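What TrEMBL says about this protein:
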{"type": "ACT_SITE", "residues": "E228", "note": "active site, proton donor"}
{"type": "ACT_SITE", "residues": "E302", "note": "active site, nucleophile"}
{"type": "DOMAIN", "residues": "81-391", "note": "domain 'Glycoside hydrolase 35 catalytic'"}
{"type": "DOMAIN", "residues": "450-549", "note": "domain 'Beta-galactosidase 1-like first all-beta'"}
{"type": "DOMAIN", "residues": "573-632", "note": "domain 'Beta-galactosidase galactose-binding'"}
{"type": "SIGNAL", "residues": "1-35", "note": "signal peptide"}
Amino acid sequence: MGPPPRFSRCLSWKRILSIFFLPLILASFAPRVKDKEGLIYANAQLHPAGTFNWSHLTPLTLKDRSVGLETVSRVGRKPYFTLGGHKFLILGGSIHYFRVPREYWRDRLLKLKACGFNTLTTYVPWNLHEPERGKFDFSGNLDLEAFVMMAAETGLWVILRPGPYICSEIDLGGLPSWLLQDPNMILRTTYKGFVGAVDKYFDHLISRVVPLQYHKGGPIIAVQVENECGSFAKDKDYMLYVRKALLKRGIVELLMTSDEAENLLKGHIKGVLATINMDKFEKSAFEQLSQLQSNKPIMIMEFWVGWFDTWGSEHSVANAEDVKETVSKFITSEISFNVYMFHGGTNFGFMNGATYVGIHKAVVTSYDYDAVLTEAGDYTEKYFKLQGLLSSVLAMPLPPLPKLTPKAEYPSVKPSLYLPLWDVLQYLHEPVISHTTVNMENLPINSGNGQSYGFVLYETSICSGGSLHANVHDTAQVFLNEISIGLLDDHIKTLIIPKIRECQLLRILVENRGRVNFSWKIQDQRKGLTESVTIDKFPLNGFAIYSLEMTMSFFERLRSATWRPVPRNYLGPAFYLGTLKVDSSPKDTLLSLLTWNSGFAFINGRNLGRYSIIGPQKTLYLPGVWLHPEDNEIILFEKRKSGSYIQTTNEPIL
């Protein structure tokens, strides 16, 4: 999804929705006999109250799969979708399996169904599924097939959005960082190096998707071709290539594109249904869509019911009544739609993307999105308003609401031990020794795939002070030995090093805060030090380069380290160790790190994500299913200075 205008923050409760008249307006869905072609162009049975009945159109009950999702256009009527030959309105909601602990997938899907929705949409992140060339991961929290089949078991159809680019406020829009090792790489084009990598990925991915399609007995009724390519549109052959890549690997369901109104023409390709993204009901946008394909039904692929946050910005919210009113207009206008997001989840670990509008701004850890469900899966005002609206137009009673996931507050943790970063270097893999600096992606590690996320520490000896110049992405702390002398970022590239009497170790700790996920800027997302480092314009050389990816195996090695007692105050990057004590039945909670500055939190080796004093997010979601009964190891990697307590709460501060 790409950035539209910001949502209005005014809380207007003046507009009242008269849903009592929906039955009359929806009379266009009244049952009719089959026409000469044998199509049933009424949607199912209409109850006397004028409501939809799709009880026979669910993945587990619909046995005849000869006719999938199709578009129908008839004289004197609005175009519409049919599924299995029956008129069908897509009521979709987005949930990303990779942002939700697997143990909670069913809960979130049941809540989607209980709200009245009939379709799930999800992106597929290439960077998570192929972290290294040819090394695929569809296990655990990345088990796409299990998620899709769980949706079917819940009674939901699926629209799959496999990319290869997905945006989604995820690092590099879901593209793997190893693509950037090629200095000539042009992402999202027919550049040979890019399509060659996509072909190998699609060979693996689509072979998993094909059996899950509607015509094969699965729940996938439609597949999206790429994502919002109209806003990019640098290669007219690229979208044709992606369409062909899907078709030749066995995708047979309805294909769709997805763009904002102003980019529809640039993102559309012949033979593929164009859908539109928006944050409110816009007749002018529908007119643009009709000019492009007047004989096709309207589908809102992304109806934005909230928005994402970036560090240092305000928390975004959207008015629940406005959301309900817009959905009501969609339904009365016979417009299919997908709520983005129904449940946002969390950018665990280093998953987050970034925006760039003159300045790099990292997306926060929470992907709450002010969605229909909260980050922790709790009900919201939007949920109950939409549930009330949808229940009024559906004939069958909605399933009972799943119970809330219990929350808890646990005793505060005061870390008792710490390790300065400099003590940790011996527990890392051997540093890369290089004459010059090497950017993160091109480090000769991970079987030649470079480093995707985290931090990189560059060390070299200097024997004089002067004006240090470094091209940093994204932020860097600069040290002489263990003493901090300043900060650099993508705008501040120069730092004065004081005069020194003898040679000292210059250390530059660079943090990748997330690659930009939208716009042409994705081409320029190599991280670390991307050019030569100079002092008074003389290049430095002879670097030792340490990779700090902070994987679970790294924390296992740290267990053998000699940790020190935490001093009263410590300035500089360090790891802090404590024990979070819970009861025998762990519950969801949120970490509150108000006395700490900036860094990452790890629980039992799992990376919960970034925290920062600049806000807006002040708590980190900690799923109870990731806690052990009784004692849990909690480690903070704090970049700046030691804090005091790590507290927990059952209320998020976003």
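Cβ from N, Cα, C; glycine included.
Assigned with DSSP, the residues of the domain 'Beta-galactosidase 1-like first all-beta' (450-549) fall into helix, strand and coil as follows: 5 helix, 52 strand, 43 coil. E228 (active site, proton donor) is 11 Å away from E302 (active site, nucleophile) when you measure Cα to Cα.
Each of the active-site residues E228, E302 was scored by the other Cβ atoms within 10 Å of its Cβ; the lowest score goes to E228. Assigned with DSSP, the residues of the domain 'Beta-galactosidase galactose-binding' (573-632) fall into helix, strand and coil as follows: 3 helix, 32 strand, 25 coil.
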